[in-house]
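Contents: one structure, followed by commentary.
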Amino acid sequence: MKNDVISPEFDENGRPLRRIRSFVRRQGRLTKGQQHALDNIWPVMGVEFNDAPLDFAALFGRDAPVTLEIGFGMGASLVAMAKAKPEQNFLGIEVHSPGVGACLASAEEEGVQNLRVMCHDAVEVLHTMIPDNSLNMVQLFFPDPWHKARHNKRRIVQPPFAELVKSKLKLGGVFHMATDWEAYAVHMLEVMSSLEGYRNQSASNDYVPRPESRPVTKFEQRGHRLGHGVWDLMFERVK
């Protein structure tokens, strides 16, 4: 795996562009299990960043619906979803290599075959490697809320990002978000509701109950015990 988690963007003259990122690089130490997974499973399930669009049928060895998860953390819920839906293909993107290693190790342990992972900036991957009109679902679960007002601009859910996601979804594809930070949930709802071409799947035009397809994380279980809320939003591409 290349150590290029964060790559610069360049303009037509080759000058680097400065872009506000929604994450902070926190690599941390790899456990032996994570390192083993990166050394041995990455060559099979890992996807290196490059400037060529992905051919999903070739990547997965079959033509099947594709779900993209952005920022999968340690990968437990992503692996669980891939295992629960073997008829679908899953691609996960995470910028922190310990999480990628943990996800790969879990996938091997669970015998999951329909999962591929990347260790790179998801926005660059979307721009460069994900073909337009190719995804059945995009998942963004518990992104950094950047709760301080001066940091709100770092939140990944902004109109340009949501428009980018829409361009990658097939007609009828769904952008599924979840957050445990109420102010961010309100922000997500405002952003998504302001855009043409999306339809809120909520009957009340705000939030949806957690679908069974999204596993409850350990962090989320702890939050429930403490009385914390979680907000799910699902917006369908309609044009």
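Cβ atoms are placed via backbone N, Cα and C, with glycine included.
Computed from a predicted structure; not experimentally measured.
Under DSSP, D144 (active site) is assigned to coil, being neither helix nor strand in the three-state scheme. Annotation source Swiss-Prot lists active site at D144, citing similarity to another entry.
Here Swiss-Prot flags E69, E94, D121, D144 as S-adenosyl-L-methionine binding site, drawing on sequence analysis. The Cβ of E94 (S-adenosyl-L-methionine binding site) has 26 neighbouring Cβ atoms from other residues within 10 Å, across all protein chains displayed.
Sequence-distant neighbours of F219 (substrate binding site): residues of the same chain at least 6 apart with a C-beta under 8 Å from its C-beta are F142, D180. DSSP assigns F219 (substrate binding site) to a helical segment in the three-state reduction. Feature annotation from Swiss-Prot assigns substrate binding site to K148, D180, T217, K218, F219, E220; the stated evidence is sequence analysis.
If you look up Swiss-Prot, you'll see 150-155 marked as region 'Interaction with RNA'. Mapped onto DSSP classes, the region 'Interaction with RNA' (150-155) shows 5 helix, 0 strand, 1 coil.
Spatially, by CA atoms, the recorded positions D144, K148, T217, K218, E220 include one closest to D121 (S-adenosyl-L-methionine binding site), and that is D144. Largest Cα-to-Cα span within the substrate-binding set K148, D180, T217, K218, F219, E220: 25 Å. Of the recorded residues, T217 (substrate binding site) and E69 (S-adenosyl-L-methionine binding site) place their C-alpha atoms 15 Å from one another.
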